[in-house]
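Taken verbatim from TrEMBL:
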type     : residues : note
DOMAIN   : 7-140    : domain 'EamA'
TRANSMEM : 39-56    : transmembrane segment
TRANSMEM : 68-86    : transmembrane segment
TRANSMEM : 98-117   : transmembrane segment
TRANSMEM : 124-141  : transmembrane segment
TRANSMEM : 153-173  : transmembrane segment
DOMAIN   : 156-274  : domain 'EamA'
TRANSMEM : 185-203  : transmembrane segment
TRANSMEM : 215-234  : transmembrane segment
TRANSMEM : 246-265  : transmembrane segment
TRANSMEM : 277-296  : transmembrane segment
Amino acid sequence: MMSSHTRGLLMICITILLWGVLAIALKYSLKFISVCTIIWFRFAFSCLFLVGYYLVRNPGSFAILKRPPILGIVAGLALCGNYYGFTVALDLTTPSNVQILIQLSPLLVAVIGITYFKEELTRLQILGFFIAALGFVLFYWDQIQHLVISKDSYLKGNLWVMFSALSWAVYAVCQKILVRTWTPLQTNLLIYVVASVVFLPAARFDELAGISDGTVWAVLLFMGANTLVAYAALSESLRLLPANEVSAMIVLNPLITLAIAAELTRRNVSWMPAENMTLLGYVGALALLLGVGCVVKKH
């Protein structure tokens, strides 16, 4: 029989794999569907699933929608910003670039925890911030020297990544406060409802109606399910494993993206911009991930 620790490791590995593949799936979808339509579909898919789940299992959970907490609405808007910034950045740059730079978000969460929640700043975290900063400089320098897209697109994309990272930090802090009163699934329901409503006016249903390629639909459905399964696995891993162990492992998901992107570049896939990373870029990426891992692990 599988031990609790082994089950927890399996759950976190599922999350790492799903999040690592997601950026590649998004990049593919952007060739056929607009940014806001993709985001709306992902949120609406998750929202409908949770509504169906609560109708069957626990109708009382809809109480959060009757008198929604202001902080829950703020969290929903913040996650909208995170999804939008991340997807636009993917449209402008490459999956590897976005997946590495979005790791700024756990650093921002740590900074907020230290300054706002008065959490202890450990020596390992100080070392982690230093290593992450060094890794960021090395990775950015390598990327800017070997661009396969315009410099303007790259810089705009990076600004959107930073916006996405900041939005995620706001969302994470709101969730940290909300779960004191509500269950994670309840807050997710409210957040998905808010996000679905926000992106509804910008969604282009003619694009969805015009999709005749089964592969595109399969990728869309995968992205919709990705959020639900990944977060469910993450929640289960947090129940079975120490939070700092989970946080330290989750930053490994960009390695999946880097590996897939490198293979797609080798195969010269038409919809994927070539990843011209040199050894310096890979060293920088690994250093950034190592630094982030140290910051979130704390001890």
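The backbone N, Cα and C atoms fix where each Cβ goes, glycine too.
Same-chain residues lying 6+ beyond the ends of the transmembrane segment (153-173) with a Cβ under 8 Å from its Cβ atoms: 74-75, 78-86, 88-93, 97-98, 101-105, 108-109, 112, 116, 143-144, 147, 191. Simply put, out of 185-203, 215-234, 277-296, 277-296 has the most Cβ pairs sitting under 8 Å from the transmembrane segment (246-265). Within the chain, the transmembrane segment (215-234) has long-range Cβ neighbours (under 8 A, six or more residues past its boundaries) at 11-12, 14-15, 18-19, 21-22, 25-26, 28-29, 32-33, 38, 41-42, 44-46, 49-50, 188, 246, 250. In this model, the domain 'EamA' (7-140) carries an average pLDDT of 95.
Residue counts for the domain 'EamA' (156-274) by DSSP state, with H, G and I taken as helix and E and B as strand, are 96 helix, 0 strand, 23 coil. Counted with DSSP, the domain 'EamA' (7-140) comes out as 114 helix, 0 strand, 20 coil.
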